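Visitor: Just passing along the structure, written as structure tokens.
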Amino acid sequence: MTLQKAQAERIEKEIRELSRFSAEGPGVTRLTYTPEHAAARETLIAAMKAAALSVREDALGNIIGRREGTDPELPAIAVGSHFDSVRNGGMFDGTAGVVCALEAARVMLENGYVNRHPFEFIAIVEEEGARFSSGMLGGRAIAGLVADRELDSLVDEDGVSVRQAATAFGLKPGELQAAARSAADLRAFIELHIEQGPILEQEQIEIGVVTSIVGVRALRVAVKGRSDHAGTTPMHLRQDALVPAALMVREVNRFVNEIADGTVATVGHLTVAPGGGNQVPGEVDFTLDLRSPHEESLRVLIDRISVMVGEVASQAGVAADVDEFFNLSPVQLAPTMVDAVREAASALQFTHRDISSGAGHDSMFIAQVTDVGMVFVPSRAGRSHVPEEWTDFDDLRKGTEVVLRVMKALDR
């Protein structure tokens, strides 16, 4: 008997079909609890049922397709990703992982695979936070890390809360606690995802073996000088807030390059007030997004930034404050899962390398309740969160084969 393998053509067809469920505009915009979400939900549920999975939704709308095992006492082995998107994003981010999970389920069905553990194939909601500004909400719910009060405090731009939107969508957000999983009922979770960076493609590597997910620190720096007339205020009498702010940005860049361990820093937002072409800048606010797979690197970097900002401001005769408004620690994935992914890629003779994820994923929260492994596949030119996002479908097929092999290894 010839065993069936994952098919790139089926993966492509399903990803393209799901990409149609998008709000108007470039790329894919599929926000949570919208008509576009509803259409994708219907398609995914139908695909799960066609793969002989029993289907249920939890309180927030995570869709769980389940293939029962021969030993009902064993905890489930799960695979999945998210199916929401950023605004005007691409058709692969998250969705590729969901589709490849379903392709794995189809291959198991076609080959008559008999699994001991229950297998679950999960499509997760609201990872991006594009509607409610709270990333990885669905993954946090699976990990039992969403507080009931968040269902009311998290609102969209129209003031609609998660609780209101989920209820209108036909869900029961009041049953939030029942969505939480534990090691007792979840043996492991595997997530296939596009890399969203350039490393695999540049090095011509087929599979990324994710070892860690970066921690994130977000800082807001406020520099306050004095606004004056641009033509009548001598240079030596100015309290221009922009000049020291620019030096601060340059120094942060220097600090990070000195660390040279995968840590990165980005100034993604900067405002200058009053903002007139003939006015000396009186106030400058900018954000710093700091990411690293190493907690110690983040701690040292923040300490250096805080000292530097104070020194630069003092020398320039301006005031400055640093406020940390987001803190997420790095996650080291379970060594047993990292080894399983690495061994699967080797057995399939796919080129592979260890890699740290520079983006956050649901997996980093699910890792708090069970062992987690991640499989990366290449992103063309490293582009993601844009309409031009692209991953070759044959690379997704290879990733699916790795996932299948890992699931079977865990099932032994």
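In case you wondered, yes, glycine gets a Cβ from its N, Cα and C as well.
Quick paste from Swiss-Prot:
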type: BINDING; residues: His82, Asp93, His193; note: divalent metal cation 1 binding site
type: BINDING; residues: Asp93, Glu128, His385; note: divalent metal cation 2 binding site
type: REGION; residues: 212-330; note: region 'Involved in dimerization'
type: SITE; residues: Arg238; note: site 'Necessary for dimerization'
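Please situate the listed features within the shown structure.
Guide: Mapped onto three states, the DSSP output places Asp93 (divalent metal cation 1 binding site) in coil. All chains included, 27 other C-beta atoms sit within 10 angstroms of the C-beta of Asp93 (divalent metal cation 1 binding site).
Just so you know, the Cβ of His385 (divalent metal cation 2 binding site) picks up 17 other Cβ atoms within 10 Å once every protein chain is counted.
Reduced to three states, the DSSP call for Arg238 (site 'Necessary for dimerization') is coil. The local packing around Arg238 (site 'Necessary for dimerization'), expressed as other Cβ atoms within 10 Å of its Cβ over all shown chains, amounts to 19.
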Visitor: Can you give the mean pLDDT for the region 'Involved in dimerization' (212-330), rounded to a whole number?
Guide: 97
Visitor: According to DSSP, how is the region 'Involved in dimerization' (212-330) divided among helix, strand and coil residues?
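Guide: Counting residues per DSSP class in the region 'Involved in dimerization' (212-330), I get 43 helix, 43 strand, 33 coil.
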Visitor: Give me the Cα-Cα distance between Arg238 (site 'Necessary for dimerization') and His385 (divalent metal cation 2 binding site), rounded to a whole Å.
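Guide: Per the Cα atoms, Arg238 (site 'Necessary for dimerization') and His385 (divalent metal cation 2 binding site) stand 41 Å apart.
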Visitor: Would you list the other residues of this chain near divalent metal cation 1 - those whose C-beta lies within 8 angstroms of the C-beta centroid of His82, Asp93, His193 - in sequence order?
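Guide: Leaving out the recorded residues gives Ser81, Phe92, Gly94, Thr95, Ala96, Gly97, Glu127, Glu191, Ile194, His361.
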Visitor: Give me the sequence-ordered set of same-chain residues, not including Asp93, Glu128, His385, with a C-beta within 8 angstroms of the centroid of the divalent metal cation 2 site's C-beta atoms.
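Guide: Neighbours within 8 Å of the Cβ centroid, excluding Asp93, Glu128, His385: Ser85, Val86, Gly89, Gly90, Gly94, Ala130, Gln196, Ser384.
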